[in-house]
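Colleague: Annotations for this protein, taken from TrEMBL, read as follows:
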type     : residues  : note
TRANSMEM : D:20-41   : transmembrane segment
TRANSMEM : D:53-78   : transmembrane segment
TRANSMEM : D:98-120  : transmembrane segment
TRANSMEM : D:127-145 : transmembrane segment
TRANSMEM : D:177-197 : transmembrane segment
TRANSMEM : D:227-247 : transmembrane segment
TRANSMEM : D:267-289 : transmembrane segment
TRANSMEM : D:310-331 : transmembrane segment
Ligand SMILES: Nc1ncnc2c1ncn2[C@@H]1O[C@H](COP(=O)(O)OP(=O)(O)OP(=O)(O)O)[C@@H](O)[C@H]1O
Ligand SMILES: Nc1ncnc2c1ncn2[C@@H]1O[C@H](COP(=O)(O)OP(=O)(O)OP(=O)(O)O)[C@@H](O)[C@H]1O
Ligand SMILES: [Mg+2]
Ligand SMILES: [Mg+2]
């Protein structure tokens, strides 16, 4: 039996620096699954589509995927996923986006969308908790990407800051600029101590470099897509001290998923840059979730379709080896890996400075739990 | 009048020879149908004819400026000092000493008068531009006063002077003038033709001038051709042409009685039925 | 006060990058009245060529930069020959669309190399840090930007005002046929303009690469930032490109410094230049230094 | 005429006849045949193919508008996607309160107002400067949406599911339903387009393009004519945008960004700028081309010969898109419409060669 | 008095194209304006037709103030012009060029136009008839559907005049309608001008460098030099004025 899978994301266009390795991850894991016969009796036909960060393309791809009767769809952007929500709800095909926007799994129309890991909101709140512990009452600025992706955690972050007794002095949206002097000096003038980023690596690196050049006493932290090897490479030693929250293991750690990633990357001729990319890991995990769900569905219901895969996801508890915790879903739990760690850049590498944990504060401010 | 009609050869060595050329625009519109003419060196040759006869086209064929108009010489040849030059790129032809002053002046509106002149010197390798400019200002003292004015803001006559001066800076041996009197007041027409005659006399520059204003052109020219519908229909020395009765009536506007025709009379002999 | 000065200084620095990019843009416009929407792509090509030479072939970044300048100039020259030459005499919209198509073609080609996605950074080739003047700091890559801009400004300024070839280039823009009648080779002029534009584009690519790393979309985006600068300065003015670029850089920074706190979400620097652009177009349609279209009836 | 169907040439014997669009009855007939074919088309296509057809129809509406502004009035507009966006956001805001057939014109009208506002610079500036002004408008539009909480800052605003004559439009019939809606809208707007262009409105547009000083001397206000051109072009875009919103079930800023504006321009050019048929051929060609290049690159990739890290599709799509534009401009500046013309005259004269 | 130009001065960055020009034209007159190049003849016409606005002075036409009016307003008052450098819609046919001149006579609205029904169609047909008459009058029948850009120069000049005529003006401004024409074509043009006047009583202001034409057909002549009127009167009188001879002809005619 052949099962079609499709990923649609930005290999080109905005955010392609994350999208390209992500796509590679999806592709390679799929291949691996076929080679190792991961689901007995099932071959996967994995289609990887570049939607150029354009929602019309995403939608077209998604609809084609439905015609191909994919049991589960791998998505990408925040905008694209938010747009698809009503349709996903209508057709009942599970979707795993790369975007960790909490809005994807908030009502309405949220039944079939599953985040692979903790949300941006949770990551940012975890960082705020960390900051509050380090310097109580700290003044914080939030710098975010000018898109739905960037704005995702703002509301939750404000509420969390209130709870934590720290002050969010400013929220700034910023894409790629050549210079951040104005913003940074103003932060400094207003007594900001920490800058928390929800962005992609490029702008963050530039901000870190400017911050260092200006000799400002600012500490920086950021959510999943801000960090990783890209940041280290672009910012150089300006990255030192950067705090990073993510649910993934890093390429230089000894985790089962990472070992697999290295092996596959080398086997399929990926460049070292890709192999080290956390988004490569990310893509592998997304593909992994899909394939694992298909495996469970096949094993349990004997047939693979959107409905059975959805049922499979509902009871999934898969230790992927890529994330710092198991991927678990349930009726009230649409985040896969519920744990995350805070890491810090030092001498050109990220070192974990916390154990994996889940943020109770996040649950409190977001779900009022 | 002499027994033999004077031929161009009699006026000087032939500098340029157009042999039976046919010119086609856009690969389909044939404009010249076998035009032949000879230009004696050191003389002024006039080319007259009604609108659309193909005078401009003939000049363009010589100077290579058919290219930007999507035209080409299909048949025949153009020999300059015995060497073929038809269908060569214009910059090459300018370098050999043939410069055309286009119809309608075409000054560079956004350049100053002096900059306009300097463009004329672009093909001059090492000659001093200063010297060339002085020469132009000698012929056209008015341009010296206007040297820093944008050419777009000068009057029609000044633009015509500029266009001629600009061409002279390219040190032509053969200057092609296309309707230099177009839109000029009588005073300026005369001034321009006087200067053309002086340039020809003082520097020995050979000139071909295309004109609607036949009397002005024939007053300075040595030899003339008359062209109609893409063909040369008449040629001769300027004097001979001025005496020709057809030329007199159709080009010089002389009435049968000998005096000037009045425009008031046109109504009488061309009235037609209409419906208004 | 230092706050203001710091904004001003870094505004000038960023502005001179825009100015450098705008220069190349203006060169093409000046000679051929073409707006080049592929300018950002040339910037990217320049930067990636230098990177490839420096990293893959282990050249010194300086040498790699030099070769990149020349290669991009050659690319400019070739694109003119291949794509723009057949367009002579076509309406402006067609020519604009050719450059847009060209941008897409170059994008596609870059995607067929390893540079399509991802972030890269030059090996260090400038000393660490920078100079600090009374509490205002400027890094070496930023100084490089200012230096390049000044250099090209002087070079092209002289060229267009004083050299015969430069004047002939302006003449071509004014009236091609008349220029041809005087022996100016229009083809050569266009090709030269595109080559020069390629050269300056590569220079901006190098500078941007040095300052903020290499990323295809970030590099090509600079091609858009050029518009406010050239409109402000005047589409066909070399000095205007530089002044316009610098003013836009400064205004951007002042907007970011003084407006952002009052606008929810901030980010005014991204839009402010374009608002300025519209205002300039309204009050001074030909910019500060652009030549006014002479229209007589 | 006794046998109108036997008519082969263009016999017009009165001024009134000379104002008709169709020279021959054959042409009228073939138009009806075409419309009939379009009506039954969905019977032969899959749902996902219909999605593509819908897209073409919707873009064709926007391109018709662009052809008014840019093709006929000669005002280069690099912000047509923003006008679509205005229509789409308007639709999203009013859709909960209005039936969809009212939402569409409302979207168009609001876009038309935006068009007139954007056209204001055209009162003072021309040509490329104007082109850049529209570009600025496009970018300012993107920024404003990004900063408007009421528009979800560019995030998704879901469009309500439409019920028509008591029948709810769902996933299975979504594309079929919107196909018919879009088709009706297209036919109406195309009809208006053709008519407008042969009246004083259309002539005025062409006049300001050709020579706005002379137009002024003819007693038409060039300023108002340009604003009209922008307004009308934007109206078409606005309607297209509103349709696009329904078609994609949600409004997201990414669909109305600069790249879309450029694609629309490309469609107009490839179709043949300022031509009627070009407004349909261009979108059809480029949309289908893109899909086929995608398929092609997937095919190439299936051989596994491309080096890792290089995505063929990502490279080929912009490459082919750009090449098509450039090649068309160089070799067939009059676009597909010209091929169409040649083809038609071939059939008209058949069996003769000329 | 139909047209009154009072003490008009026009300045371009310090340069006075016109200084204190006063001029009046009566209904049905044919008035010529002559003068050296750059004397300000075209500028004067541009002031009357609204393309330039005088720096000082005022212009009135049948009680309408033209001083600050825009060209399209002035056209509606009944003034039409032909340009010195041909300003046709070169991408359109002769017919379309002339139909454009009927713009202000067409009154149907956008809805009529979009449906092309009833009023729109009727008006189009009606105005088409007027245009055809003009085509006939100017003997342009063979070129009716030809693109203007491809026509010979002389014909294009004629189309310009025809287009102005299609506006059915009360005052017609002609800026060098015969420049660059052969004698024969000039004669044709003169014939048209005389006929226009004879058949329609249109007032005409003519700028022309060909003194022969001017002297033969004008009722009155104004001579401009350096933006000032240096002479005015019947042609025979003006032709004898020594200032005119010196400034314009540089000696005897
Ligand atoms: N670029 C062109 N494309 C097509 N036809 C052209 C072109 N240039 C000129 N023609 C045609 O060629 C014919 C001759 O034109 P040409 O300009 O040579 O005449 P001319 O004798 O100089 O007339 P004039 O006195 O009006 O300048 C005319 O019928 C004209 O329409
Ligand atoms: N738009 C303008 N800007 C600046 N100067 C102008 C403008 N229009 C005309 N001029 C100047 O005003 C003066 C008068 O020009 P105008 O065109 O009226 O002369 P003219 O008498 O019509 O000459 P010609 O017989 O050559 O047509 C000239 O010096 C001219 O340079
Ligand atoms: Mg001619
Ligand atoms: Mg004049």
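Every residue gets a Cβ built from N, Cα and C, even glycine.
TrEMBL annotations: computationally assigned, not manually curated.
Keep in mind that what you see is a predicted model, and the values were worked out from it rather than measured.
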Colleague: Please work out whether the transmembrane segment (D:53-78) lies in contact with the transmembrane segment (D:310-331), by counting C-beta pairs under 8 angstroms that are 6 or more apart in sequence and asking whether there are at least 3.
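Modeller: Since fewer than 3 Cβ pairs under 8 Å link them, the transmembrane segment (D:53-78) and the transmembrane segment (D:310-331) do not come into contact.
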Colleague: Is it the case that the transmembrane segment (D:267-289) and the transmembrane segment (D:310-331) have 3 or more CB pairs under 8 Å, with pairs at least 6 apart in sequence?
Modeller: yes
Colleague: In the same chain, which residue numbers or ranges, 6 or more beyond the ends of the transmembrane segment (D:177-197), come under 8 angstroms Cβ to Cβ?
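Modeller: Apart from its flanks, the transmembrane segment (D:177-197) reaches 21, 35, 38-39, 41-42, 50, 53-54, 57-58, 60-61, 64, 67-68, 72, 100-101, 104, 162, 164, 169, 205, 232, 236, 239, 243, 246-247, 276, 279.
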Colleague: Mind checking which residues reach the transmembrane segment (D:127-145)? Cβ under 8 Å, same chain, six or more beyond either end.
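Modeller: Distant Cβ neighbours of the transmembrane segment (D:127-145) are 75-79, 81-82, 85-86, 89, 118, 121, 151, 153-154, 253, 256-258, 261.
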Colleague: Do any residues of this chain, six or more beyond the ends of the transmembrane segment (D:310-331), have a C-beta under 8 angstroms from a C-beta of it, and if so which?
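Modeller: Sequence-distant neighbours of the transmembrane segment (D:310-331): 263, 266, 269-270, 285-286, 289-290, 293-294, 296-298, 300-301.
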